[in-house]
Amino acid sequence: MARPLPRMPGLPELLRIFNVRAKKKLSQNFILHQPCADKFVRAAGDLRDRVVVEIGGGPGSLTRAILEAARREGLAAYGPLAMTLIFQREYGERLFAPPNSLHRAKISAFVQQYCNVSPGYLLPRNVFVPEPRVDTMVVHLESKPEPPAVDPAVFEDVLRHLFTTPRRLLRNGMQPLLGVATCAEADDVMAAHLPWFDRDNCRPKSVHNDQLTDLALLVQQMRPVPPPQ
């Protein structure tokens with residue numbers, strides 16, 4: 001599973017970090033008590049479908065309250081998205097690396113599961129100030145309108161187990177996921193359910209994303225259904 005993001009600093013902490021102070025000569029007074037800001041925003045009514053203009057953003061207490069009151073749809077609600085991003089060259093090459101390539105990694109399979117990825121161009125170091133020690137590249141990603149119908153948490157779990165040892169055979173990573181006692185049993189289960197499976201040659205770095213999806217669906221099928229609460 002993905003690790004949770006670190007705690008967002010509180011407003012007093014941010015003011016200390018960036019040495020921001022209210023200036024009396026500008027008649028500035030900051031609201032740092034978040035419950036007070038939340039109550040003020042609630043007084044404006046339902047903001048989920050409204051355009052909100054905050055005048056004089058200040059340190060962000062009202063901004064946070066407005067964001068909490070906004071509709072929470074996520075980017076997926078707006079359909080396929082195109083993203084053009086800049087990465088360190090080594091990381092960017094991993095994003096579009098095909099099976100059997102030198103740069104193929106867990107992040108390759110994960111990103112390609114949900115996006116069509118294509119390389120852009122290299123950026124030389126001397127266009128940045130200060131100049132970095134590594135090369136940079138542009139990568140274009142476009143989200144797939146209909147990603148494979150597999151539980152994302154299960155898919156990520158499969159990737160985590162397989163790419164821990166990417167050069168070993170699939171049986172090593174799949175054995176605990178399939179709930180069997182030995183790697184040989186894992187081979188037997190995959191051979192019985194997956195027509196493409198070759199127990200002597202299939203390794204994490206060589207399988208395609210549709211095959212990784214098959215593995216995740218197999219894990220879903222083999223896992224016991226939790227009892228109703």
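Quick reminder: no glycine exception, Cβ is built from N, Cα and C everywhere.
Just so it is clear, the model here is predicted, and its values are computed rather than measured.
Copied from TrEMBL, the annotated features are:
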| type | residues | note |
| --- | --- | --- |
| BINDING | Met1, Glu13 | S-adenosyl-L-methionine binding site |
| DOMAIN | 36-145 | domain 'Ribosomal RNA adenine methylase transferase N-terminal' |
Taking only the residues in the domain 'Ribosomal RNA adenine methylase transferase N-terminal' (36-145), give me the average pLDDT of this model.
88
Glu13 (S-adenosyl-L-methionine binding site) in three-state DSSP notation
helix
Cβ contacts of Glu13 (S-adenosyl-L-methionine binding site) (under 8 Å, same chain, 6 or more positions away):
none
